[in-house]
Amino acid sequence: MDSLSKKIQNLGIHDIRNAARFAQNVIVQYEPYQIDIRRATNTDAWGPTPKHLAKVLRNRYQVPLYLMTEYTLKRLVDHIATRPKNLYEKARKDYVNYGSEWRVVLKCLVVIEFLLLNVDTGDELNQIRSCLLTHKHILTREIAQFKVKFSNDGKMEIHERGIRKKGELILQYLEDSQFLKKERAKNKKNALKIRQQGESSIYNANQISTSASYDNIDDDEFDADADGFDSEMDANNVTNFNVPVETEANSNTRRRSHMEEQRRQRREILREQIKNKEQQRKRKQQQDSIPDLIDLDDSTSTTNNITIDNGNNDNKNNNINSNSDDDDDEFGDFQSETSPDTTAPKTSNSKIDDLLDWDGPKSDTDTTAAAQTSLPFAEKKQQKARPQATKDKSKGNDAFSDLFSYSKSLV
């Protein structure tokens, strides 16, 4: 549903016109050749394209060419007429195709010229010429007096001159058979050039176009040679115009030669690429097999550096261990020096507690034994270094003198 809505939103005026034309073709039930002619002579700003003209020409095998020419002239007259025949024609002129009528007229003349220049010589060309001669008054009077009342681009006079010039050219084709033969031969030559250039671009895009080899003279020489040719020459025989007549076998042979040449070139390029890749692979293998002395020196130097670094690391570890041992010793000395400050108040407190014990002081032997068992080794050493007065408590029973002497020893 969303895709349908998007398509409806993206519709333009050209899509709406195409839908209306399709509905009109279905309702009116036009013949296939009429539909092709209507498509080639519509009111679009472009065309008729070569595709449209080719579709018109292919109907010659199903429909006589004079019917196709008559229908083209009928469509031309319908858009030239200033007085509409019915209400439908009036609505079409005043609203639908207003400002674009001249395009239909010019395209009808282009289709007629295309039929004159591209049909086969003989009965087909005679049918078109007889039909145009029958309705010659359309070209002499209606086309010569045609006026463009309004144009969408505002170039009415330019379009009028173009339509009149095209009508005069068709009249010259009808009146001068030699001029018609010359133009038909020139048109065939140009069509052959276009076809050869298209084939060369498809089958030999990288090479120079070979179309110049088929045409060695320019248009001036062509015109100079064409003015004096025999009037009884058949239009199909174009050898006097230096136009090459190629058969289907020759074109197929040339096409095959182009394809074979391209295949041969591709095979050579592929062989060269494979050869280069093989040579590169062999060079790479040789380079890998030869040892690089520079790389070996680098590797040995790196191993030596690694062993040296390992030795240095071992020495560093030994130094660190020795340093750590020294630090441990210093830390022990520091601990032995600082421990008396922390433990001394405890002994003094115990001494004070003994002094404050009213039940009776404990014996000196008990206190010294308890102190010696509780004190660490560092304090024991320090006690040995104390004065004799503090150690020998049995000589004096004054507690305050012992405390005073102990404090002096600490200071």
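Cβ atoms here come from the backbone N, Cα and C positions, even for glycine.
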To which residue among SER257, SER322 does Swiss-Prot attach the annotation phosphoserine? SER322
Quickly, which of SER251, SER324 does Swiss-Prot have down as phosphoserine? Just give the residue. SER324
Considering every residue in the domain 'ENTH' (25-184), what is the mean pLDDT value? 92
Looking only at Cβ atoms, how many others are within 10 Å of the one on SER401 (phosphoserine)? 12
